[in-house]
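Now, the feature entries from Swiss-Prot:
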type	residues	note
BINDING	20-26, 37-38, 40, 42-43, 69, 124-125, 127, 155-156	GTP binding site
BINDING	25, 43, 66	Mg(2+) binding site
LIPID	212	S-geranylgeranyl cysteine
LIPID	213	S-geranylgeranyl cysteine
MOD_RES	2	N-acetylglycine
MOD_RES	213	cysteine methyl ester
REGION	183-208	region 'Disordered'
MOTIF	36-47	motif 'Switch 1'
MOTIF	67-86	motif 'Switch 2'
């Protein structure tokens, strides 16, 4: 028998992107294992973790990928984005430069990923309110202008981490399930599904046999 963790209705690949040090790895570990590591070092290469959630009675298995934000690891981008249906674009609310770089990350994402990818802008480290360098309203306005959803999180104290992943996975599920319904409707209406078979009764007359419309 298979592992229960292997039983799912949908598998969605979601990537974490953003500058190094914004807390991508801790967002991943908080959501998938409910862990936080203050000594977390920069991720080298690529790693991913999985967790399943329920949406509308369906089991959604999220495969969440994390990679280092440093420029020297950019060689992995094409493989990293391949097959991704969602992305969390993360910045640190206490470091304005990480927010300034969001635009560059967004461009890279749109250059490499599927055009229909669902993107959420995430302002992480909301627990550092006293050090805030990026106003919430400014980030929200940027997200709205670029068609992104937006949330502020804290991997340290768990604030909104669950909500961020649940929101993006639910949005992906809605899009995928609506597309499946639309495809089914189109399939039901296609000519091949509307063929009415015509039965010609056999005749006893000795007429030459003709094959007509055999391939229709």
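Cβ atoms are placed via backbone N, Cα and C, with glycine included.
Cβ neighbour count for residue 25 (Mg(2+) binding site) (all protein chains, 10 Å cutoff from its Cβ): 23. DSSP assigns residue 127 (GTP binding site) to coil in the three-state reduction, placing it in neither a helix nor a strand. Between the alpha carbons (Cα) of residue 20 (GTP binding site) and residue 66 (Mg(2+) binding site) lies a span of roughly 11 Å. A distance of 10 Å separates the Cα atom of residue 26 (GTP binding site) from that of residue 66 (Mg(2+) binding site). With respect to their backbone Cα atoms, residue 23 (GTP binding site) and residue 66 (Mg(2+) binding site) stand 10 Å from each other. Between residue 127 (GTP binding site) and residue 25 (Mg(2+) binding site), the C-alpha separation comes to 17 Å. According to DSSP, residue 66 (Mg(2+) binding site) sits within a strand segment. The binding-site residues under consideration are 66, 127. Their Cβ neighbour counts within 10 Å are lowest for 127. Comparing the binding-site residues 20, 26 by how many other C-beta atoms lie within 10 angstroms of each C-beta, the top residue is 26.
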